[in-house]
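K.L.:
Take a look at the following structure, please.
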Amino acid sequence: MMPLLVFRERVKNFYQRYDIYITPAVKFLFAFIAFRTINNEIGYDARLQALPVVLLLSLLSAFTPSAIMVLLAALLSTLHVYSISPILSIIIVLILLILYFLFARYTPRFGYVMLAVPILYFLKIPYMIPILLGLISTPVAIIPTSCGVIIYFLFQIIKSAVTMQVNITAEEIMQLYKYVIDSLIKNRMMIMTMVVFALILMVTYFVRKMKFDYAFEISIVAGALTSILGFLVSDLIMDNSNQILSMILGTIVSAVIVYGIHFFKLTLDYSGVEHAQFEDDVYYYYVKAVPKITVTTPQVNVKHINVKTADRGSKGTVRRQELDMEEDYDEDDDITVDKSQDYK
Amino acid sequence: MLNNKKIRLMTKLAVYENKEGKEDIRLSKYYKTDYVRYQILKSIISATIGYALILFMIFLYEMEYLIRHAVDLDYKTLGTYILGIYIIFVAVYGLGSAIGYSMKYDASRKKLAKYYKLLKRLNKLYNEETPES
């Protein structure tokens with residue numbers, strides 16, 4: 001364990017020093033993966049598939065807020081569908097608009113979730129999202145997760161609808177429209193998935209909130225178990241037994257990834273260096289505020305209350321210390337904001 | 001001469017102002033009732049747009065039926081249904097956003113109180129620095 005902890009401190013230090021470069025780079029990578037996945041799955045328009053276009057879009061989203069990336073992805077997929085069937089693209093836009101006006105606009109910070117769910121679905125590890133959100137946010141995140149699930153299934157339907165070649169007669173357009181709507185509304189699989197995702201998120205969240213040692217780690221395991229059980233039941237009900245193996249593997253991989261994220265806890269917004277600019281009557285200040293990271297090698301406090309029980313409880317204290325380690329700039333710090341809570 | 005204590009305070013304030021403070025400070029320009037009312041209005045409008053879109057999609061879906069029965073359709077019941085569901089819809093959204101946004105406002109007020117405390121301390125530092133004014 002020790003080398004890992006030291007490694008973590010190194011990574012944190014590295015991240016803090018170079019965070020201006022790392023954050024855009026990571027965003028670029030994510031955007032690139034997202035756009036590539038979209039191109040692979042519904043790349044009907046060869047022009048948009050070209051590498052320069054993808055690179056340009058990724059570069060654009062590397063330096064802009066994450067909402068822009070979501071918007072670009074929506075635009076890209078709509079354009080892809082538009083190139084093969086304008087009617088289907090209109091249906092997509094309509095449904096996306098409904099989702100936005102009724103649900104998504106209330107959770108603006110989770111916009112990226114709606115993009116991440118479909119993308120991770122194609123990478124076979126969508127189970128990561130509810131576990132991770134249960135870990136770092138509140139049950140409100142159920143809304144964007146459900147929207148993401150709807151979007152994924154919508155595009156699945158679109159993919160099969162595209163194969164039905166349609167002429168421009170009104171009757172056939174209506175048929176196509178009815179087909180899409182029917183298969184979206186009567187999709188039991190989608191509703192099951194939404195329910196199970198919500199369940200995973202709730203279980204992870206409430207276990208995480210409990211007050212015992214290793215609550216975070218146990219909550220990840222609990223979330224993963226909920227996911228396996230939930231999807232096992234839903235797959236058996238849906239008679240979908242060929243997906244069970246990939247579902248279990250996907251859940252395990254997701255749980256491992258979430259554990260990794262939790263272990264490094266590089267929650268991008270918070271652990272980085274702050275750059276601030278301000279002035280007073282005499283000076284301009286360009287301040288770089290580096291959060292204090294106290295442990296390079298973790299300090300273990302063993303309290304000898306009583307010689308016999310001296311070897312107990314040491315691990316618990318370490319863990320609590322890690323949790324309490326927030327970025328205190330100095331002694332009379334007043335604006336340390338509770339990170340885990342205020343995600344809404 | 002550089003005053004380290006002041007720089008530290010100002011840094012903290014600036015960091016807060018640039019990040020989560022942005023939203024809090026924006027909220028602080030409203031009275032609570034004004035803010036909540038404005039947000040309710042916005043969510044009612046967006047709920048209306050969403051409802052209209054859903055209606056439009058249902059209309060498209062049932063277009064054949066509607067056209068075939070255009071003459072002998074019971075428009076009165078249909079209208080009542082559409083209006084009734086709309087009222088429920090808007091009521092749910094309005095109420096929900098009233099509760100949600102007033103909670104949000106209170107939370108941001110709490111954070112702002114700390115910010116003001118720091119500002120006051122900074123002000124005191126300034127006064128100590130230039131006692132003649």
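Cβ coordinates are placed from backbone N, Cα and C, and glycine is handled just like the others.
A TrEMBL annotation is a machine prediction, not a hand-curated record.
As listed in TrEMBL for this protein:
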COMPBIAS  A:313-323  compositional bias 'Basic and acidic residues'
COMPBIAS  A:324-335  compositional bias 'Acidic residues'
REGION    A:313-344  region 'Disordered'
TRANSMEM  A:20-38  transmembrane segment
TRANSMEM  A:50-76  transmembrane segment
TRANSMEM  A:82-103  transmembrane segment
TRANSMEM  A:110-129  transmembrane segment
TRANSMEM  A:135-155  transmembrane segment
TRANSMEM  A:189-208  transmembrane segment
TRANSMEM  A:214-232  transmembrane segment
TRANSMEM  A:244-264  transmembrane segment
K.L.:
Could you tell me what the rest of the chain brings near the transmembrane segment (A:244-264), counting residues at least six beyond its ends with Cβ under 8 Å?
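P.N.:
Result: 4, 8, 11-12, 124-128, 131-132, 135, 216-217, 220-221, 223-224, 227-228, 231-232, 235.
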K.L.:
So, taking each listed stretch (A:20-38, A:110-129, A:214-232) in turn and counting its Cβ pairs to the transmembrane segment (A:50-76) that are under 8 angstroms, which one gives the highest count?
P.N.:
A:20-38
K.L.:
If you count Cβ pairs under 8 Å, which stretch among A:20-38, A:82-103, A:189-208 touches the transmembrane segment (A:110-129) the most?
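P.N.:
The listed stretch sharing the most Cβ pairs with the transmembrane segment (A:110-129) is A:20-38.
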K.L.:
Using a Cβ cut-off under 8 Å, which residues of the same chain at least 6 positions beyond either end of the transmembrane segment (A:20-38) come close to it?
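P.N.:
Contacts of the transmembrane segment (A:20-38) (Cβ under 8 Å, skipping residues fewer than 6 from its ends): 54-55, 57-59, 61-63, 66, 69, 72-73, 76-77, 80, 115, 119, 122-123, 268, 272-273, 275.
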K.L.:
Using a Cβ cut-off under 8 Å, which residues of the same chain at least 6 positions beyond either end of the transmembrane segment (A:82-103) come close to it?
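P.N.:
For the transmembrane segment (A:82-103), the list is 44-45, 48, 74, 114, 143-144, 146-147, 150-151, 154, 158, 161-162, 166, 173, 176-177, 180-181, 184.
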